[in-house]
Amino acid sequence: MADEVKLSKLIKDNKSILEVYQGQEYVNAKKIYVSDIYRPGLELTGYFDFYPAQRIQLLGRTEISYAARLDHEIRTHVFTKMATKATPCFLISRSLPVPEELSEAAEKANIPILRTSESTTYISSILTEYLRARLAKRNSIHGVLVEIKGMGVLLTGASGVGKSETALGLVQRGHRLIADDRVDVFQKDHNTVVGEAPKILRHLMEIRGIGIIDVMNLFGAGAVKSRTEIQLVINLVNWDPKANYDRLGFQENTREICNVEIPQVNIPVKVGRNIEIIIEVAAMNFRAKKMGYDATQMFDNNLTNLISEHSKEDTDKVQHDD
């Protein structure tokens, strides 16, 4: 987990929508410790009892238009109180004009003022998601993360079972590699877990007998992705002829990752099985279930109906014979 995000990093990563309006010399010294963005409302009326100074202060059309109705002395007072040492920056949306009193207060407190042409709601959601991803607590999982037809699939299993080789086969079939060997995961929201590669391992794979390969260099930029939501876990296990594997798909297993239960499918591996195609089909079948089509349930319903029909025919035949 990152304890902080540098303001300079946030500006650099969002340079297409953010600009430094004032206080460029103060940017490098500012750090952000919370992901929430704050729109000061009551503070403009003079109420500061619960003012979260440590957040980015976002002023949109509502805040700017209300401030314009205040007297000069009152504007100076409220903006001076808002400009604390803990405040990372002020952000003005919709390219609105910056109040002179805010500009002076920010300059005195060494606080940068940023501006964007985006709407207030949009920029708030973009920056909140950005900060949550970088401030979230991270865990590491041994496995390989790939994206199959837009769905994040985590391959797990014992060392040597063939996770990396299987992922390489999936990349050759047009899917994307996210992370090999070590997957860093974090909880994006209540029901969503995101996985990514550590910076040092990004786009790299280790293949026994070959060594380290650069997937982006060999297969192109379309073969890799920086991160993806983990929607399915596929656990590869060595084939055991004595084991009783699920043949119909009635068993529904899950794996807990970052306090979120992720559906898991166990796939036995042995010579002669095309694991890449099986995994591809497993992912598509999982997506079909999410869309409401469950082949296993349909088979079960058809079988139940067939048994019911035969039972009725047998009953009618017995009654007729009597």
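Cβ atoms here come from the backbone N, Cα and C positions, even for glycine.
The structure displayed is predicted, hence computed values, not measured ones.
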Between 76-81, 268-273, 298-303, which stretch does Swiss-Prot give the note region 'Important for the catalytic mechanism of dephosphorylation'? 268-273
Gly157 (ATP binding site) CB neighbourhood, other CB atoms within 10 A: 20
For Glu206 (Mg(2+) binding site), find which of the binding-site residues Gly160, Val161, Ser164 come within 10 Å, Cα to Cα. Ser164
Determine which residues of this chain, when Gly157, Ala158, Ser159, Gly160, Val161, Gly162, Lys163, Ser164 are set aside, have a Cβ within 8 Å of the centroid of the ATP site's Cβ atoms, and list them as they appear in the sequence. Leu236
Distance, His142 (active site) to Gly162 (ATP binding site) (CA atoms, angstrom): 13
Assigned conformation of Ser164 (ATP binding site) - DSSP reduced to three states: helix
Let me spell it out: for each of the binding-site residues (Gly160, Gly162), count the other Cβ atoms within 10 Å of that residue's Cβ, using every protein chain shown. Which one has the most? Gly162
Subset of recorded positions (His142, Gly157, Ala158, Val161, Lys163, Ser164) lying within 10 A of Asp181 (active site, proton acceptor), CA to CA, in sequence order: His142, Lys163, Ser164
